[in-house]
Structure formats: C-alpha cells, structure tokens
Amino acid sequence: MAKEKPHVNIVFIGHVDHGKSTTIGRLLFDTANIPENIIKKFEEMGEKGKSFKFAWVMDRLKEERERGITIDVAHTKFETPHRYITIIDAPGHRDFVKNMITGASQADAAVLVVAATDGVMPQTKEHAFLARTLGINHIIVAINKMDMVNYDEKKFKQVAEQVKKLLQMLGYKDFPIIPISAWEGDNVVKKSDKMPWYNGPTLLEALDQIPEPPKPVDKPLRIPIQDVYSIKGVGTVPVGRVETGVLRVGDVVIFEPASTIFHKPIQGEVKSIEMHHEPLQEAYPGDNIGFNVRGVGKNDIKRGDVAGHTTNPPTVVRPKDTFKAQIIVLNHPTAITVGYTPVLHAHTTQVAVRFEQLLAKLDPRTGNIVEENPQFIKTGDSAIVILRPTKAMVIEPVKEIPQMGRFAIRDMGQTVAAGMVISIQKAD
C-alpha cells in the first residue's frame, strides 16, 4: 500500500490588512477549493471576467466572515503533490491563540504575510514572536501586494531584509521569502511572469516542501482527556488525543491530577483502544482515541485529567507548588500586577492561576532582560513570571514535553497572554 501523504497544519499570520484572507482566498480559488455554494451563486449571476470572479468570491467570503461565519474550516483543506494541507486558523479569529494552544490545532508551520507597501509592522513582530512562543518551527514568508509596488525587485529586497532580521533574531533559520500578489494571483499557485528576477518557489510549492512533522514517540506518554463516556458492556471510556509517547493494550496507566486530588492512585491496565470505531493494539501521537482502563470508574476522571504510564506519570502542580513561565501579554486593558488571578488554558484543562511574582521584563525580540522585578506588565510586554494554580493541574516544562508546556491565559472573554512553562518548583 502506498504511504499516505503527510498531513500538515498551517496558520496564516501577519499585520492586519496585509492580505492574509486574500492570500488564503487565492490559494483556495486557484486550487479549486472554494466552497461550492459560493461558486454556484457566482455562476447563477452569469458574470463574465476572470479577475472579476476572484474579486466577487473574495467579497462573498468577506461577507460570510463579517456575519460571523469564518470560512468553514472543513473547506480549508487542500492538496499539494506531496502534502495534505489544512489551514487550521484563518486570521481575525478572536480565539486564534487559545485554539492554537488548546485545540486540535497545533500548527506545523506558519505563513507570515507582509505587505510590500508597508514592510514590517507592529503586528508582524507580535505574530512572529507568538509563532515562536507557540513552538511553530517552520515559517514561510509571503511578501504580498507586489502589484502595488510595480513588481519592483528593489522594494522586495528591502522588505525581505527587514523580515529576515526579525525572524533571525527570533531564531528562525532557512525560511523561503516569496514575492506574491494574492489579488492578481502572482506566485501563489501559478508562477508569475511579472517578476523574472525571482526564481524561487511559488507559495504552493513552498507549502509542498514543509517538513513532515516528527511524531514525538520517544517522549513519555501523555493523553489529555477530552471526555469520559460510559459504554454498555465495555465500561468507562476516556477519550483524548495522544500528544506524546505510545499507548499499547496491556499498558498500566495513571491519571493525574485525579490521583493527587483523590489521594489514591487512579490507575489500571488498558484493556482496549479504539479509533474511528476500529480496535487498535497501539496508538501514536496525533491519534484521537477512546480507551478502556480496568478498575477506573466514570467518576474517577474528567476532562483535563492526563493519562501517562505509571513508570513516568504526568507532572502535577498543586496549589502549594509554583511554576516559572515566560509569557507574552497580548491583550490586557490595563496592567498585570502580582495577585492577578485569570484562567490558564493548557491541553484540555482550565485552572485559575495567581501571579505570584513578576521576575523580569524581556525585550520581545531578543529575549534579553530589560527590567528586573517590574511593578507591572502590560500589552506587548514579554516577561518571566511565577504562577501558582488554585487547584492541582498537569503541566510540563516546555523543554521536556513541549506539547504539554504551552498555555493561554484568558480573562473577560479574551486571550490576555500566551506562554510556556520554564520550570516547576515543588513545595516538598
């Protein structure tokens, strides 16, 4: 059987109005992946003219977005010769950050869209830094709106240089920088004849070369639980996605923080595993599975618990413990001070956490300390902080298990900050 093409998740990032939506629209339009209903509407109108058709389609997509219907994520799958690509989050989503950290939407790569007319803008920096914080290791740069600078090579080189500086400072290496016009369709899917000075890949070709994400099978087993079901004749079936490690029938697993909270090990032997109603002998990272554990009841575990092997159980941070984290403040109306207690979202858990100490403020671009023990931190700041959970939760240092070490901080219905765990300080 031929090996299936790898699936790759990408996000589009970049400053507002630099053309993220148009670029996505052009990719879908030129690969014939625009939602049926929209194409049908267009054909019913019997309109002429190709460039007009793209403009019309973009207007419809925009209307749908403004009515709160973001292009259904199911439509944003498309194929390249060697990859299945899913655009997991289009721009403009309020919950973009939270989705990226807690959802099924760990991105493998980001497309950073920068307008040739403006160059690097504040949000360009913020989004690039965020991609870094969220552990996106592969980036593709699209310098858009080349039609508005007359496809000028000098202008392209100037903006490319700015972007290069920014990304190298954040530790990115080897990223393609592609001059495109999403509106005119240059170098998105089809090679442009208007920029003979450029001989690199089109955006689609660059997407086709995204490295296949490695599966973290050698890391300790971690399965954050999404739901718990009781199934007649089977028993209790926790459901979740394997983040790291491998689960096999016959393994002995323990659930945390359930075991810590109940002061007794909630553990047992794995009797069966299934995915999409098919029985499995073993499950790997990325697999969404249901599994049954001998002796574990429906009321013993819940969403937010994490399963791991008893030989290397999930790390629990209790209210008497603290953890050190690096955060970037994305959106706070005033300022964050010691004592602030918002809700932390990581994998499938949500726990209120208290800011115990503000250790240092960092330069978001270089990571260097600019101020020790600041009195407060505000939107745009990056900082090292000490956090204390109000109840026991599982979280891991990002260096050990990156999939379990990233989090979003939410308050007042919005994502206030994003961060990663540096280390855990146990009280005993």
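FYI, residue positions are counted from 1 along the chain as it appears here.
Yeah, the Cβs are placed from backbone N, Cα and C, and that goes for glycine too.
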Matching 14-21, 262-269 to Swiss-Prot annotations, region 'G1' lands on 14-21
How many other Cβ atoms sit within 10 Å of the Cβ of Ser21 (Mg(2+) binding site)?
-> 21
Please work out the helix, strand and coil residue numbers for the region 'G4' (144-147) from the DSSP assignment.
-> 2 helix, 1 strand, 1 coil
Here the 10 Å Cβ neighbour count for Met146 (GTP binding site) comes out at 30
Local Cβ density at Asp17 (GTP binding site) - other Cβ atoms counted within 10 Å = 14
Lys20 (GTP binding site), number of other Cβ atoms within 10 Å | 24
Would you mind pulling the DSSP three-state label for Lys20 (GTP binding site)?
-> helix
